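Peer 1: Below: one structure in structure tokens.
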């Protein structure tokens, strides 16, 4: 069955706007779980712009579903991950100038270093995922460094979908879906788990959820935005419904 990992970074973004104690990401994680989330994702950035170290510690203690820690492949972050031992650590590129992650990790350019990072995480019992663009070379490099999961960056697909007026049949959208599909097939052929995420929302999620090889989608901003009007539990529940409808409930 296709799974939903809910990214709650922007609950912390709202809290940090006032440098106060609410809204509480740990409470958000519990609400997401009650809405049907299969996992919780947070990105502990080097600049600590939203999620803080204490948030990750509390989530590790309180979350009853799997915890996915997005992180840069730095010694500091690897040390934090190894100490807290989330179920999964997803290696992502990171730039202080960016509003959000803008592209996939270039695994090809840093295979040696990333292989060492993956080995350190594996020694701590942590599954490593890499966030990559839908490119065969990056998929193959991910397999070589020992990653067990690849998350394909769906930002280009989401931008094409929006530019096409939400028409899933437009040539540009079909082309982007095909890129994601082919990357997913390569991921599975190499024995890794195929996840996807970035800029997915209630309008564009179904064509991606319909791909037969995809196992998990990570979605954050759209769900947190919808929760302002419906509550987080219902926002998660509706996203999960759309995903399962597209994938077929039995998958």
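Positions of Cβ are set from backbone N, Cα and C atoms, glycine also.
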Peer 1: Given that Swiss-Prot assigns 7, 18, 220, 221 to the 3-amino-2-oxopropyl phosphate site, pick the one from 196, 199, 246 that the record assigns to that site as well.
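Peer 2: Candidate listed by Swiss-Prot for the same site: 199.
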Peer 1: Considering only the recorded positions 43, 70, 151, 199, 221, which residue has the minimal Cα-Cα separation from residue 50 (1-deoxy-D-xylulose 5-phosphate binding site)?
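Peer 2: Looking at Cα distances from residue 50 (1-deoxy-D-xylulose 5-phosphate binding site), the smallest one goes to 43.
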Peer 1: Give the distance between the Cα atoms of residue 198 (active site, proton donor) and residue 70 (active site, proton acceptor), rounded to the nearest whole Å.
Peer 2: 13
Peer 1: What Cα-Cα separation, expressed in whole Å, is found between residue 199 (3-amino-2-oxopropyl phosphate binding site) and residue 43 (active site, proton acceptor)?
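Peer 2: Per the Cα atoms, residue 199 (3-amino-2-oxopropyl phosphate binding site) and residue 43 (active site, proton acceptor) stand 15 Å apart.
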Peer 1: When you put residue 43 (active site, proton acceptor) at the centre and draw a 10 Å sphere around its Cα, which of the recorded positions 18, 151, 220, 221 have their Cα inside it?
Peer 2: none
